[in-house]
Amino acid sequence: MMPSTPRTSIPSITLNDENTMPLLGLGVAELSEDETERAVLAALEIGCRLIDTAAAYGNEAAVSRAIAASGIPRAQLFVTTKLATPDQGFTKSQDACNASLDRLGMDYVDLYLIHWPAPPVGQYVDAWGGMIQSRGEGHARSIGVCNFTEEHLSAIIDLTFVTPAVNQIELHPLLNQDEMRKSNAQHNVITQSYTPLVLGRLMDNSTLTAIAAEYGKTPAQVLLRWNLQLGNAVVFRSAKAEHIASNFDVFDFELAVNHMDAMNELHDGTRLRPDPETYAGS
């Protein structure tokens with residue numbers, strides 16, 4: 001059972017459907033079932049309430065077990081899962097949502113996302129239509145997308161008249177997604193960043209380490225703080241309890257404008273995850 005008073009208070013943001021979502025959460029991509037259970041329990045213990053999983057991760061059941069072990073009431077949690085590309089389609093997406101709910105042991109998810117637009121598959125608009133149905137039936141409180149470009153985002157909005165609540169995209173100092181953030185904002189869509197820690201590639205960067213030293217923070221904390229100060233929601237992945245606790249401890253300082261600018265100058269367009277224009281996996 002978790003302590004009654006969590007150690008970290010995480011702010012929330014209001015989505016375009018009036019639901020609220022924590023600004024910072026734990027992702028469990030590429031974690032084994034055992035790693036997932038331990039990571040989720042560690043995160044919940046220190047005050048995290050947003051857990052981000054996906055059908056493609058193969059660990060929804062592990063998330064369910066960790067949540068059950070925590071003793072935290074379902075209503076206090078924000079659980080995200082994602083539609084796998086092979087399940088895209090109007091009816092298939094609804095069936096996939098129900099299958100995810102079965103694995104999660106839940107009646108609803110707080111946020112259901114299309115994992116990838118997968119343009120070569122040509123089903124993301126139909127999949128979005130199915131997700132609208134799932135929301136209408138109460139199986140998903142909010143619905144959104146991942147890895148959508150402006151073209152993909154405009155297509156589903158124009159064809160269904162329903163705007164995603166969230167667009168979760170790869171976003172870090174090497175790929176600051178300035179144009180996509182502006183596009184999301186124009187559509188009143190929250191930008192949620194993933195891979196914010198750059199897979200560890202900037203931890204020895206002299207700009208980052210100098211800024212971290214100035215604030216008495218870790219490079220990871222500075223990376224997360226930079227992302228939050230851009231106005232993004234963020235999910236990060238970690239399997240280590242001490243890193244999870246440290247990474248949620250980012251709400252007691254603010255980066256100065258010159259430090260934000262220095263971080264912004266690291267942008268070079270490096271993409272660490274697949275190109276959403278061509279990728280047909282996950």
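Glycine residues also receive a Cβ, built from the backbone N, Cα and C atoms like all the rest.
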Exercise. According to Swiss-Prot, Val235, Arg237, Ser238, Ala239, Ser246, Asn247, Arg273 bind NADPH; which of Leu197, Leu202, Leu208 is also listed for that site?
Worked result: Leu197
Problem set entry | For Tyr57 (active site, proton donor), the three-state class that DSSP assigns | helix
Seminar exercise, completed: Most Cβ neighbours within 10 Å, among the binding-site residues Arg237, Arg273, goes to Arg237
Problem set entry | Distance from Tyr57 (active site, proton donor) back to Ser246 (NADPH binding site), taken between C-alpha atoms, in Å | 24
